[in-house]
Structures are given as C-alpha cells and as structure tokens.
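Trainee: Sending over a structure as structure tokens; questions will come in a sec.
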Amino acid sequence: MLDIKKIRADFDGVAAKLATRGVEKEKLEKLHDLDIKRRELIVKSEALKAERNSVSDEISQVKRAKGDASAQIAAMQKVSAEIKAIDAELAEIEENLNEIIIMLPNLPHESTPIGADEDDNVEVRRVGQTPTFNFEPKAHWDLGEDLGILDWERGGKVTGSRFLFYKGAGARLERALYNFMLDEHGKEGYTEMITPYMVNQESMFGTGQYPKFKEDTFELKDDRGFVLIPTAEVPLTNYYRGEILDGAELPIKFTAMSPSFRSEAGSAGRDTRGLIRLHQFHKVEMVKFAKPDQSYDELEKMTANAENILQKLGLAYRVVALSTGDMGFSAAKTYDLEVWIPAQNTYREISSCSNCEDFQARRAQIRYRDEEGKVQLLHTLNGSGLAVGRTVAAILENYQNEDGSITVPEVLRPYMGGLEVIK
C-alpha cells in the first residue's frame, strides 16, 4: 500500500510513476480531493470537540454556582450534533479513500524499465548454452506420457483440466528437485519453513493479492473464508504481520516448499498442455525481510540464489528486468529468470524475484526498531527458487535422448538413489 503522505507531498511525481503502471491520473485526483476534504473535516471536528469541552466546563461551573445552565446545555447539544454529522461524513470519506489507495500498485523503482507490457522487458544477461539435438526434440508432455511418469488423462478424470498425476520416476524427480532446492537455499542462510497451505483474508491483503486479484484464487465457501495459498510468499511474509522486529536481526531469510493453487482466471487457451500453467503446482519460495538501505543488495543476492539452482542443474536461462507494465502489483522491481524450453524454441519464466520495498510491510504492518530505537517499516522481498513443475519440464526437454529416455542431472542423482537415466 502506498503512503498517503508521499502522494500528498509529490502528487505529480507519484501520478507520473503510476501512469507507467496503467493508473489513470483521474483516480489519483479523486484520491487527492478526498484527502483534502478529509483533512478539512478533521480540523473542523477537532475544533468543535474543543468547543464542546469548553462548553462542558462552563456547564460544570454554572451548576456548581447553582445557576441555570440550560443555554450552555442547548449549545453543547448543537455542537455534539454537528460533530456527529461531521464524523459520519468523515467515516464515509475515509472508506472511499481507502477503497482507492488499496487498489493502487506499488511505485516502480527508478531502475525499472518503463513500458506497457512484456514486450518492453529488458534482457539483463544470458547464462549457459542451449542444447543442440541431432533429432527433433519432443515436448515434455509427450516425453512424460511416453515414459509413464506424467498422467494428465487421469488427472483430468479425477479432478479436471490443468491437473495431473506424477508417477514413479516422475514423482521422484519432482521430490528430488524441491529437496535439492531447499538444501541449496539452506546453505545460503535461509531458514526452512513448512507453512499453512490455507490463510485468512487478512494475510491475502497483507501481501497484495486481495482485494484486487481475488478472482485468481480458490477460497473456502464458509464463514471462515480461508484461501488456498497461491504461493508460500503469503504465509511467509505474514509470519511477522503486526510485529516489530529487532533491526539487528535483519535481514531475515525464509524458504519453503509448498503447493500453490491458482484459478488461472484469464488464461483460457494459454499453455493448455504440459506443466507450465496448472491449477496446483509445487514451488520453492524465498522471502526476505530487510532494512530499506539494504533491500536492493538483497534482491541481487536473492536472484543469484535462484540462478544458482539453474546453474547447478545445467540449464540455460536468461535474466530479464520486467517493465512497469508487466511487473506484479506489489513489486517495485522484478527480475524474471526464464529457462530454455527446446520444444518451444524459447525461454519461459521459471522464477520471479521482487523487491516490494515497504508496500507489503505497510499493508501488513511489519516494522523494525533501528539502532536509535526508532520504529519504521522494513522492506520485503520474495522470489521463486524455483517453480518445481516448470523445472521438471525443463529437465525433461533439455536432458532428453533420442530414444525418449531422460538423463538425470548429476546433482539430482543422490536424491534419486543413484538413478542416472529415466527410461
């Protein structure tokens, strides 16, 4: 959530930055007008309350002197009625103001490329060599079905589209990957967590998924309204919701593997086959809590942590800085890691690493106490390290052999009982 004081102090600057994120200036002008009216009413209400207190003192003095206080009582009743009316108007204005501000995206960092969509993203670097084949590489869904390790047909029968069963070596490969990822992040100082897989709506608000992206989630239809997590970012970030941390302990780093549940609203017709876009998938998440002056260094380190996984798996990838028009709602700056998918002859997203600055911390009220004892908002960061199903897809396609078998990357073999080839 944006700081209303910042909008107030630099309206034109904030409006210009938000325009690059598709926010119309009229919406901000409405917010600005409501804020002015709100402050005027607060001043008026406080003046009337001071007047009421003064009249109350007069009534007490008159009564102590056994005099007639009816005039003062009538005056106080009139003032009280005015205060009640102003406070009611103020409550309505604050509700309208809040409805606007909670739907505004984060301000982009100055280094974030300005653009309308993914076509304006900027490639930062490419790492690794894309493989060459002396045969036509198959898509991962065909490889998985032919090997009997991925079963979409029965996943569809049991649940519906965009669901599948991992079977045998497929299930072992998935498990090997997320155990490998967690171990690697543990070496980098991340504390491993197992989170709840359902959260309350306050948690969804804290990280910015609610209310704007409610249609993208699966929500329990009862009086509790719990939500199946779309990413472990939600429970991990909300772990410290409403708390004040010791600045000496920052940065704090968490990692967790969890299922992620997404309705994929608006994705009809996109990636209808394979592991790229599912309603349920495993993901290893990284979350950091950092001091504001250290958060961008921590973003680079987090991105390097995600890259480390791809490098050790021997997968070619590229790093892309997302444009203002393609970046997530809560992010100020985002790097996407895109892995090479041979059958599609392109790079596909496998990780997003973002610095949300104090945007989520303000929504979730996560603060820290600095060396001087001052309490202030910290910065939150999150990143995929990595999306496990997409990593399975990348391994199947990049490590495929002409006979349809899959060579297991060396770093995963200890996690798979020494298995070298899936066939």
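Cβ from N, Cα, C; glycine included.
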Trainee: Can you match one of Ser161, Ser352, Ser384 to the L-serine site that Swiss-Prot gives for Thr231, Ala232, Glu233, Glu285?
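Mentor: The one candidate that Swiss-Prot places in that L-serine site: Ser384.
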Trainee: Other than Thr231, Ala232, Glu233, Glu285, Ser384, which residues of the same chain sit close to L-serine? List them in sequence order, counting a residue when its Cβ is within 8 Å of the Cβ centroid of the site.
Mentor: Val234, Leu236, Ala256, Ser258, Ser260, Lys283, Val284, Met286, Val287, Asn382, Gly383
Trainee: Within 10 Å of the Cβ of Glu349 (ATP binding site), how many other Cβ atoms are there?
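Mentor: The answer is 16 other Cβ atoms.
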Trainee: Which binding-site residues are spatial neighbours of Thr231 (L-serine binding site) here, meaning Cα within 10 Å, out of Arg262, Ser263, Ile350, Ser351?
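Mentor: Qualifying among Arg262, Ser263, Ile350, Ser351: Arg262.
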Trainee: CB neighbours of Ile350 (ATP binding site) within 10 A?
Mentor: 27
Trainee: If we check Cα distances from Ser351 (ATP binding site), which of the binding-site residues Ala232, Glu233, Ser384 wins as closest?
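Mentor: Going through Ala232, Glu233, Ser384 one by one, the Cα closest to that of Ser351 (ATP binding site) is Ser384.
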